[in-house]
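> Dumping the structure here so I can ask a few things about it.
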Amino acid sequence: MIDPSIPAPARAAPRRKAEFVAGQACAREALRLAGGPAVMPGRGDDHAPIWPPGMVGSISHSKGCAIAVAARQSRYLGLGIDIERLQTESSARKIAPQILGESELRQLPEAGRAFLVSLAFSAKESLFKALYPAVQQFQSFHAAAFSFDGDRQQACLELAVDWSAQWRRGQRFPIRFFCRDGFILTCTAIAAISCRSEMSG
């Protein structure tokens, strides 16, 4: 049951309000499970969640579903999670040029293309969420290039441009993904120890 005490955006449609409240409830529980304070994240002027000191996390909601993840900042520099409805063949054809460059599109096989477009869209959303707290700048979908190894069932994103002094073109991020009941879930986890190694190397 959704806690009615959780404030929702005043101008949002009823469905979006319900998803927002569900996302906040998920975030509070994720923080508790991660050993942090069981509180709801704040909301910045850019509408991004403001997590308690020492904690990182991410929230996503879509079509009646909501999910959140949280961890201590000593373990992860950034976390990004995204959930989306799987695209139909027709909708995938429409949105593909908006989220994928020509070289990315050429690498996608025709078989299963709707799934791969859905995966690419969600993967880029999760990466943007994971890196936004560090870069504090919104990026276009073409700022990261998507690739997929069908044999190994592995997805990866590579920065196509410099996002900041630390996050440079060519850096690669493995993307975890999971499909169920017509939804696709992706997660980008940036371990703090790997970031310290890169900065000292």
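Each Cβ is built from the backbone N, Cα and C atoms, and glycine gets one as well.
All TrEMBL annotations are machine predictions without curation.
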> Of the candidates R16, R180, which does TrEMBL annotate as part of the CoA site that also includes S60, H61, D82, E125, K129?
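Within the candidate list, TrEMBL flags R16.
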> Could you state the whole-number distance in Å separating the C-alpha atoms of E125 (CoA binding site) and I83 (Mg(2+) binding site)?
9
> Can you name the residues of this chain that are 6 or more positions from I83 (Mg(2+) binding site) yet have a C-beta less than 8 Å from its C-beta?
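The list for I83 (Mg(2+) binding site) reads S60, H61, S62, C65, A66, I67, S122, F183, I184, L185, T186, given in order along the sequence.
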> Name the residue among the binding-site residues D82, E84 whose Cβ has the smallest number of other Cβ atoms within 10 Å.
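Looking at the binding-site residues D82, E84, the Cβ with the fewest others within 10 Å is that of E84.
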> Just to be sure I understand, if DSSP states are collapsed into helix, strand and coil, how many residues of the domain '4'-phosphopantetheinyl transferase N-terminal' (10-71) fall in each?
20 helix, 19 strand, 23 coil
